[in-house]
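To start, the structure under review is shown below, and the notes come after it.
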């Protein structure tokens, strides 16, 4: 051991390498900044207004949640074309649960506090079960994932159609609508508290990783670099909270809120939205999925199986069961996305989540997930979703025709993957 | 006579009508190296994959330390302290050395989280013993040379106190220096009482490293000989002609 610790691994390393910065992350953030600045210029500052950033954020949540699951699916060399259809059936099940079954059959009163939680459970269970079934067909019956989920793509949306007789179902439960975005936010104070808490968690994570490396005599980044990274993380978290807090709740809505409590809106009173619950869900999903990917056996086996399925099998990993778990997780996340998406739209319509499968796959791929399997990151997929939503919403604001919008997004997808291939070739990174 | 570490009795397996292994029996004693020789397609890798749990035999039985063993997957084999170094190395190229070494047997923190730093520390320890020049701990194994990859695969087999070690063409991808290292390692492991099956088609390797050699041809066992009793040509004759040399069988 002694002679190892005297051997600091590679003394002379480049600055970037010693900071251990992920160039792909830098590239994606750079692209996002560039897109934002360009649209901001084109819209005379409207694009980067708190209001638009707020809207952009809540529009991204549904696809971003599913994209994190798609990373695992693609890393294990599979694909899931059925996520949009799964979202639709979950949404249909939840709409029927809250608007018909619970009030009608079980006799729960409309507005009962039990409706929202039961509805969410129904959605999550539906998604998980269908996902697990997909995984079983792929893992144990050896039907290619492409076929299983292409079938699911055709089946589930239209199963939902039969469930609702093709009707759009609205209004939805008031508590349920809180998951949609603008209707349910933490408010300024709690947003700051949460922002500070998240900052502390980030600092703790950085600090404990460093402590563990030092305990084993491993090389660590220069302290200054570590502090700079920690500072950037905290600034990003608190800056984001500040922007969401700066988007004031409209006067008319405030008045209604006060009236609902039997009070009158005080003169000159104003309040910011703060962090929407839906974004909170996405943050939670991002953290949990990252922990699964990096710090659990499940995550390790997912990546090992993607890198070399035979080796994983020979190492005693049950790759079939693993496939079921990965697809079940994907289904669970589809159910979660369905909660957010249908609450945001305040209704269930049969076309909910149409084309989401392609957006989700594109987000994961733009985020650096390789279709060959074995590599991909959760934060990459979320950034990928954000980049795509930024493009779509920016072009909408600038007034680009919708056909051209699709053409641009398509071209960006191909371009992003091309860049990634060049990067891998040049740096040999996987 | 001591109990054999491994007895594979009357093992058969067929793939789509082809008898890849046809009523073959081999055994292995503690501290012994048994070479498995034969042409490509002779069935030696298939036979050994039955022992390591990758395949299930159609018939026949395996005894470990004299007791009947049920090995239906690689996890079972590991439970019997059987470790395998595959010819393909069976490494996940996208993961680093430590992740590969502990794949399927990760060290975890008290909270059940994978403890990468502890695994890297252990990997550094064993690599310092097996291949002191090894430095690339934080890169995917796809970035390693053939010899370095081989040492990761060997470290994985040795780290977990194997009693039975299967080496499938362990020196095929190696230079002379690294081949020598593997030879020394085999001597070390023998001295610890570990039994080794060495699959090879290099007769010199087998003559140098093994105590006994079993030769296979077309899925059948040609014969098992003491290496001391035969010449290179005898072994060659067994491999090519499929007949045991006169006077030994």
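Each Cβ is built from the backbone N, Cα and C atoms, and glycine gets one as well.
According to TrEMBL, the protein has these features:
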- A:21-41: transmembrane segment (TRANSMEM)
- A:53-74: transmembrane segment (TRANSMEM)
- A:81-102: transmembrane segment (TRANSMEM)
- A:114-135: transmembrane segment (TRANSMEM)
- A:142-163: transmembrane segment (TRANSMEM)
- A:189-207: transmembrane segment (TRANSMEM)
- A:227-249: transmembrane segment (TRANSMEM)
- A:275-293: transmembrane segment (TRANSMEM)
- A:361-386: transmembrane segment (TRANSMEM)
- A:398-419: transmembrane segment (TRANSMEM)
With pairs fewer than 6 apart in sequence excluded, do the transmembrane segment (A:361-386) and the transmembrane segment (A:53-74) have three or more C-beta pairs that lie under 8 Å?
yes
Recorded stretch that, among A:142-163, A:189-207, A:275-293, has the most CB pairs under 8 Å to the transmembrane segment (A:81-102):
A:142-163
Tertiary contacts of the transmembrane segment (A:189-207) (same chain, 6+ residues out, Cβ under 8 Å):
226, 229-230, 233-234, 237-238, 240-241, 244-245, 272, 274-275, 280, 283
